[in-house]
Every structure is written in C-alpha cells, then in structure tokens.
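Positions annotated as Zn(2+) binding site by TrEMBL: 29, 222, 247, 251. Summarising the annotation, TrEMBL assigns ATP binding site to 282. Here TrEMBL flags 18-326 as domain 'tRNA synthetases class I catalytic'. As annotated by TrEMBL, motif ''HIGH' region' applies to 31-41. Sequence annotations record features per position, and here TrEMBL assigns motif ''KMSKS' region' to 279-283.
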Ligand code: AMP
Ligand code: ZN
C-alpha cells in the first residue's frame with residue numbers, strides 16, 4: 001500500500017506520490033539554536049523521524065534535510081524583536097557563535113537519546129549566506145521584493161496565493177499579524193528578506209551584501225537551503241503547526257515567486273505538546289528538555305513511546321503520570337522480549353498467517369497518515385498475544401522497532417537500574433538544597449557506573 005498523508009495544503013488525506021519515482025526529498029525546519037530544544041520541539045522531530053523511517057521501510061530512498069537556524073530568527077516570527085541568537089548571547093554572556101555551537105550540539109545529543117536519526121544533510125544558515133543573497137537578488141529582479149533603507153522586503157501583494165496554506169486559520173492569522181508598525185515596509189503584511197545593521201546596530205553576526213552590511217531573515221534561509229539540497233521541487237516539508245501562518249506561508253511565497261511553479265507538494269505539520277494545557281515555549285522561560293527527563297531518572301525512550309501513542313495531528317497533554325505509565329509499560333515490554341529471546345524456538349520455524357496479518361496491520365496503520373496510535377495498539381497486541389510463537393513475536397517486534405525505535409532490544413547495560421534512578425532523584429534533592437558536596441558525591445558514584453549527568457540549567 002502506498003503512503004497516505006494529510007496535506008496541510010488542501011487539508012485532506014491524499015496518496016503520497018513522489019516527484020521522482022522511489023525517491024523522497026524531505027525538508028524539516030530545524031531548531032533555532034539560542035536555547036535548548038524543549039520536549040515539545042522534540043515531539044515534532046520524533047514524528048519527522050518516524051515519517052522518514054516509514055518511507056524508508058517502504059523501500060523509498062529518502063533524502064532528509066534539516067536546517068539549523070543560527071541567525072535571523074527574531075523574537076517574533078514576524079519581523080519584530082531582536083535576533084534570538086543575540087538574545088541568547090546576552091543571556092549567557094557569550095558570543096552568538098558560541099551560543100549556536102553549544103545548543104546545536106545539545107540538540108543532536110538529545111536527538112541521539114531519543115533515537116532520532118541524524119538527517120542526511122544538516123545545514124546552517126550562517127554557512128549559506130551567498131545562496132541566500134542570490135535568492136534575494138532573484139526576487140528583486142522579478143519585482144516581488146524591494147529595498148528600503150538597507151533592508152529588503154518581500155511584497156506580499158505580489159503573491160495572490162499567500163493565504164492558501166493557512167486557509168482555515170485566518171482568524172489566528174489576524175491575531176498574530178503585525179505586532180509592530182515598520183515604517184520601512186510598503187505594506188505591513190510584507191516581510192523581511194534581509195535586515196540591515198542600521199536597524200539592528202548591535203548585531204554581531206553580519207555579512208556584506210549588495211544592500212550593505214546585514215543579516216538574512218529567517219524565512220529566506222529555509223527557501224535557500226531547501227532548494228540547494230533538494231532542488232526547486234520538494235516532496236515533503238515538515239514543521240510544527242505554529243509555522244503554518246507565517247514562516248511556511250512566507251517560504252512558499254518567496255520560493256514560488258522565484259521558481260515560477262509549485263515548490264512543495266506535501267506539507268506535514270505536527271500539533272503541539274502542551275504542559276497543563278499551556279503550550280511549551282522557550283520564551284516563557286519554563287520548559288522541559290530531554291535532560292530534565294533523564295535527570296529525573298526517565299529513559300528517553302519512554303518519552304518517545306509516550307509521543308508515539310498520540311497522533312501527530314492531535315495535541316499531546318504531557319504529564320508526569322502519563323510518562324510514568326509508559327515507562328513502566330516499556331520496562332514490561334522489554335522484560336517480555338528478554339523472556340521471548342530466552343525461549344526462542346530454533347531458526348527456520350515457518351511463520352503463521354497471524355504473523356503476516358499482524359505485520360500488515362502495523363505498517364498499514366503507519367501508511368494511513370502515520371497513525372502511530374493504531375500501530376502501537378498492534379505492538380501491544382504482539383507483546384501480549386498468546387497466539388504467536390516466541391520467534392514470531394521477536395520477528396515482528398524487530399520489524400516494528402526499525403520504525404518505532406524505542407530501544408526494545410537494548411541491553412540492560414544501556415538502561416538505568418532503579419537504584420541508579422533513585423540516586424539521580426537523591427542528587428536532584430541535594431542540588432535543590434544546595435548541598436553541593438552530596439550532589440558531587442552522587443555524581444561521582446554514577447560516573448563510576450558510566451552514567452554522566454548534565455547540570456545544565458533547563
Ligand atoms: P523552533 O526551534 O522554535 O524553531 O522550533 C523547532 C520545531 O518545533 C518547529 O518545527 C516548531 O514548529 C516545533 N514546535 C515549537 N513548539 C512546539 C510544541 N510546543 N510542540 C510541538 N512542536 C513544537
Ligand atoms: Zn523553515
């Protein structure tokens with residue numbers, strides 16, 4: 001069966017047909033590396049990872065490209081506020097380059113903990129300034145962009161299909177629109193492609209351009225990098241739902257005006273993870289990271305399992321109770337697998353029709369708009385069923401785990417024992433009480449067992 005995906009463009013579930021047979025160009029908006037990625041961000045990256053793994057399981061050759069936003073993303077997704085990297089630099093008394101490097105490394109470390117495969121191409125905006133400038137020049141030549149006091153803006157009225165992607169959320173669009181008046185814009189709906197340093201005199205990351213010293217806008221970065229690595233036609237573009245109205249609508253406007261044709265065929269958007277009905281956000285200052293989970297003794301795979309129990313188009317209300325439940329369930333599943341491995345029948349056993357049917361049900365669920373909750377239901381059936389032989393069970397679980405990647409076959413050595421989890425909890429208490437001697441003693445104890453803890457503030 002071919003994959004079916006919900007396309008935000010058109011808002012229906014449609015069969016996925018790649019542009020080039022058997023190949024998929026997949027672009028994901030990567031993190032803005034001015035702070036840790038929170039577990040909401042990671043939920044989106046987990047789904048993108050499962051999408052890529054499902055497509056690969058179908059035999060398609062996937063080229064997964066992810067950018068790193070290390071300049072140009074202002075505090076508001078529209079053109080207001082300061083560059084987030086400058087905000088991070090001021091917060092930590094570092095240079096924006098140091099901040100970007102630190103949080104990019106932290107991001108991929110967290111991805112590793114969550115079994116998110118590193119994309120085939122990871123590209124930083126700061127390393128693609130010439131490509132960005134070329135794209136802006138093309139937009140100026142086409143008359144859809146204009147220069148104003150060293151800034152370059154895209155003229156939204158030149159792209160009548162601007163609201164096509166965000167069609168069903170126009171009210172929200174109005175609410176998020178135009179947070180501040182920019183006298184340099186011909187229309188307040190226009191957005192910046194290039195910022196001059198006259199507007200941001202303190203900017204540290206800056207480059208020469210035909211319009212003077214400055215730095216690129218966030219939206220043009222994605223158009224430039226996606227087209228460099230995937231060409232002018234892209235199969236699937238991913239991101240969180242917050243990007244539909246501004247960032248992705250802007251990306252489409254620039255790219256389609258530049259290339260003169262449809263740019264992306266399928267838009268894949270993930271709903272939010274919320275904590276106590278509030279959306280997780282970095283600007284609010286309070287957020288959970290993968291390190292926060294590990295510090296509390298959780299196996300990151302339990303979080304991945306929690307995420308996969310929800311559908312990517314539904315919001316997930318995060319709670320510690322829910323994480324506790326899946327962590328326990330994961331431990332039970334692993335114990336069941338260990339016992340199945342011990343009682344495994346000799347190789348060469350013929351598998352039953354039940355085995356084939358279960359395999360089909362699991363992958364059919366994923367192929368139906370990446371329905372991970374149904375796939376997980378099948379997974380639990382396989383764990384619990386008395387009708388399967390142990391080798392059938394193991395064979396199915398190995399196939400499922402290729403996509404779920406929840407560490408089902410991890411050895412005990414890679415997981416925390418309950419004593420180790422208790423030690424981590426005790427250390428958290430010691431740190432909260434500012435009992436540094438005790439906290440260091442426990443840290444050294446864990447280090448001797450090969451477990452290193454991050455003390456970075458989350
Ligand atoms: P950022 O680093 O803020 O650009 O966001 C990285 C990715 O996470 C983007 O695809 C966002 O759309 C997505 N995202 C942001 N907040 C959340 C959230 N609370 N839940 C799920 N995804 C999110
Ligand atoms: Zn983007």
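Easy rule for this one: first residue shown is 1, then count along the chain.
Quick reminder: no glycine exception, Cβ is built from N, Cα and C everywhere.
Curation plays no part in TrEMBL annotations; they are all automatic predictions.
Here the motif ''HIGH' region' (31-41) has, by DSSP, the following mix of helix, strand and coil residues: 3 helix, 1 strand, 7 coil. Its own atom aside, the Cβ of residue 222 (Zn(2+) binding site) has 28 Cβ atoms within 10 angstroms in the protein chains shown. Within the set of binding-site residues 29, 222, 247, 251, 29 have a CB atom less than 6 Å from some atom of ligand 1. Sequence-distant neighbours of residue 247 (Zn(2+) binding site) (same chain, 6+ apart, CB under 8 A from its CB) are 29, 77, 218, 219, 222, 239.
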